[in-house]
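Now, the feature entries from TrEMBL:
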DOMAIN    240-320  domain 'Shikimate dehydrogenase substrate binding N-terminal'
DOMAIN    358-429  domain 'Quinate/shikimate 5-dehydrogenase/glutamyl-tRNA reductase'
DOMAIN    480-508  domain 'SDH C-terminal'
């Protein structure tokens with residue numbers, strides 16, 4: 001059976017809920033969850049008749065008490081009566097908490113209407129239990145007489161989700177319908193990959209701000225970005241590993257590109273604290289490849305079984321492929337080609353010159369930042385014949401990278417008065433100026449007059465403070481979006497073995513920035 005997509009209704013009034021039920025249907029939900037505990041003035045018979053009369057989508061009725069993370073603060077008898085009434089009025093599902101499930105079933109005294117399914121749920125707002133504890137929880141929920149098992153836990157680490165997937169697969173093999181979700185940003189993939197692993201349903205909110213639990217994506221994103229209705233057990237999973245990762249445009253871009261060429265894959269965000277343990281937990285061939293962003297690009301070099309020579313020289317990996325023949329992890333770097341070609345084209349755009357010689361040759365090239373992206377740019381600029389200077393907050397890191405590629409090192413503070421020649425090139429590879437801290441810049445405006453070209457790897461916002469002030473100071477500016485598009489095209493080719501559709505990539509990025 002295909003995983004159902006459920007829209008939780010958390011409005012304060014019945015009229016609003018009725019409107020939202022219709023909106024959920026229009027958006028593409030399969031069912032709605034009516035959260036009675038969110039209604040500000042609930043009159044059981046009157047309201048349930050309104051909500052369930054000719055309801056346009058199947059309904060799951062939940063009346064969640066405060067002690068299980070809901071809003072209801074009364075006694076259980078009133079709650080039980082409302083849930084029984086919902087069943088009598090034709091609700092397709094009702095949800096009852098494991099803690100009181102036995103009492104509720106006694107209360108129904110064997111009169112559960114046949115067409116109403118009972119979901120027995122357990123919520124853990126602290127953590128995700130061990131695999132053994134999850135398995136015994138499933139057994140306890142089944143034992144009380146649940147039609148459908150529901151377990152929601154909290155993701156302390158993204159590896160928690162791997163245990164939930166195992167339990168769902170195990171239940172599916174035994175034909176036990178199960179809803180297994182991990183709440184919070186670290187649990188997001190439990191919601192997105194539900195159909196791949198066989199979860200009974202997953203929740204998507206009507207809008208941002210209308211979530212019924214932490215980490216719930218919107219219906220629109222689930223359907224239009226992640227194409228959740230098209231995920232199958234054999235769909236390949238790719239994704240971006242970062243911290244933070246919520247700002248990344250990669251899922252929008254790569255999912256649309258996969259769709260356009262008919263490649264059966266999905267691309268998800270992974271909020272990862274520890275790269276090595278993440279890769280170990282997701283070692284199955286289902287997880288076929290990864291993009292790496294801040295702060296994991298350097299750790300990725302050590303975590304891969306083999307590293308492409310260029311990525312090794314750079315000391316940073318931004319793309320990992322799981323080799324199908326032996327499951328080994330192979331690391332690549334598509335950042336340096338992406339960024340360097342973007343800067344070269346930015347310069348060429350303003351002056352047509354001999355294209356066999358790089359316009360970077362002989363130029364003074366200042367790189368801000370000594371992390372993974374800094375290493376890629378420094379390496380690339382050096383390869384093209386530029387004189388490279390590394391500026392970093394901590395001088396030690398700058399010195400280390402400068403020694404490695406044969407360049408100079410400065411602190412960020414020294415960069416302010418660094419002006420050995422005019423027409424230098426500046427490349428920011430730090431996250432300074434990235435959303436939400438959009439009013440920050442790594443270099444004060446008065447120091448930008450010395451540069452002919454300024455590049456910023458930050459692409460949220462599209463025009464950072466650094467780029468805006470550089471343009472006002474007369475420099476040619478190159479947006480991080482250019483690097484983003486080009487490195488993503490490189491990744492797409494590594495992931496799919498197909499040529500990247502450039503015009504499509506540019507169209508998608510233009511539409512979403």
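Including glycine, each Cβ sits where the backbone N, Cα and C put it.
Just so you know, TrEMBL annotations are computer predictions that nobody has curated.
Proximity of distant same-chain residues to the domain 'SDH C-terminal' (480-508), defined by a Cβ-Cβ separation under 8 Å and at least 6 residues beyond the stretch ends, is recorded for 238, 249-250, 252-254, 256-258, 260-261, 263, 265, 288-289, 291, 318-319, 321, 332, 334-335, 337-339, 341-342, 345-346, 455-459, 462, 464. Look at the domain 'SDH C-terminal' (480-508): DSSP puts its residues at 24 helix, 0 strand, 5 coil.
Across the domain 'Shikimate dehydrogenase substrate binding N-terminal' (240-320), the prediction's mean pLDDT works out to 96.
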